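A.B. asks: Structure below; questions to follow.
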Amino acid sequence: MPTGDFDSKPSWADQVEEEGEDDKCVTSELLKGIPLATGDTSLEPELLPGAPLPPPKEVINGNIKTVTEYRIDEDGKKFKIVRTFRIETRKASKAVARRKNWKKFGNSEFDPPGPNVATTTVSDDVSMTFITSKEDLNCQEEEDPMNKLKGQKIVSCRICKGDHWTTRCPYKDTLGPMQKELAEQLGLSTGEKEKLPGELEPVQATQNKTGKYVPPSLRDGASRRGESMQPNRRADDNATIRVTNLSEDTRETDLQELFRPFGSISRIYLAKDKTTGQSKGFAFISFHRREDAARAIAGVSGFGYDHLILNVEWAKPSTN
């Protein structure tokens, strides 16, 4: 028959709780008197609650600078920031060193030494390499064969002999009918129409291939007399015409292209304003033959050019 006195064994859960309490007691006993990893278990006076924040500190030891700052986070807790810098000494020119000692002004008046990101932009360093003339000659680039073709005249207009296509000639509507009418009057064939009388043939300057010195008496044209000494210089006045009602934008080249189909031109004089350099509205054209000048008067007088009607007549001979 069971009695009230019996040995009750502790349960497994009770044994676990007792072992945990014993472990906590042992751990707390072992940690007493053992310093932390920092060497000091107490808070610094600057980090105590209620103490004011000290100013930043800078300690320079050789080429190592240590900056210590104290701040307060969002939760109101104080914390310390320690930054370590390595000081490097760089050599600079006198002008750069002098500029660094200038007093700051404006928004950077109270900034510490050094650039401020808000007001200063530090660009990348640009390295320059200086070479001598000998190295420059050795590094010359190869000549482009296309550059040689730039100076050559590949396309030639049949009307004004310009460097453009005939269909795009700006004088197609003015000089074209005049050349056609002149060719019909002279009775030229189709092949000869391209070379009307008076057109200037391209003259290429003869170059001395040997490179030797040639005296003036043996050069080309040495046997010819000067223009002022020619006896037929007076005849130019008889083959000179006067053109009026020209626009202000007219140039000698325009007159050359306009009157060249009628014959060989000896000289052109365009009256210009000394201040503006624009045309005064009249010009003198001298031909080598009087017949060419007569054809020019008949062909151009009353002709519309640059929105104006040209008036061409014989020029009065000079009294000199």
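Backbone N, Cα and C atoms are what each Cβ position is placed from, and that goes for glycine too.
Below are the features listed in Swiss-Prot for this protein:
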COMPBIAS  221-234  compositional bias 'Basic and acidic residues'
DOMAIN    239-317  domain 'RRM'
MOD_RES   Ser8  phosphoserine
MOD_RES   Ser11  phosphoserine
MOD_RES   Thr38  phosphothreonine
MOD_RES   Thr41  phosphothreonine
MOD_RES   Ser42  phosphoserine
MOD_RES   Ser189  phosphoserine
MOD_RES   Ser223  phosphoserine
MOD_RES   Ser264  phosphoserine
REGION    1-25  region 'Disordered'
REGION    209-234  region 'Disordered'
A.B. asks: Suppose you look only at the domain 'RRM' (239-317); what would the mean pLDDT be?
C.D. replies: 89
A.B. asks: By DSSP assignment, list the helix, strand and coil residue numbers for the domain 'RRM' (239-317), in that order.
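C.D. replies: Output for the domain 'RRM' (239-317) reads 22 helix, 30 strand, 27 coil.
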A.B. asks: Around Ser264 (phosphoserine), how many other CB atoms lie within 10 A of its CB?
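C.D. replies: The answer is 14.
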